[in-house]
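Among the features that Swiss-Prot reports, disulfide bond is placed at Cys3-Cys16, Cys7-Cys18, with the record citing similarity to another entry. According to Swiss-Prot, the cysteine amide annotation covers Cys18.
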Amino acid sequence: RYCPSGCRKKPYGGGCSC
């Protein structure tokens, strides 16, 4: 999956960090 603009994807697959 992709994260919203301005957010980063967590390396552990925990979702997105905004």
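Backbone N, Cα and C atoms are what each Cβ position is placed from, and that goes for glycine too.
Distance noted between the C-alpha atoms of Cys18 (disulfide bond) and Cys3 (disulfide bond) is 9 Å. Taking the C-alpha positions, the distance from Cys7 (disulfide bond) to Cys16 (disulfide bond) comes to 6 Å. All protein chains considered, the CB of Cys16 (disulfide bond) has 13 other CB atoms within 10 Å. Fewest other C-beta atoms within 10 Å: among the disulfide-bonded residues Cys3, Cys7, Cys18, that description fits Cys18.
The secondary structure of Cys16 (disulfide bond), as reduced to three states from DSSP, is extended strand.
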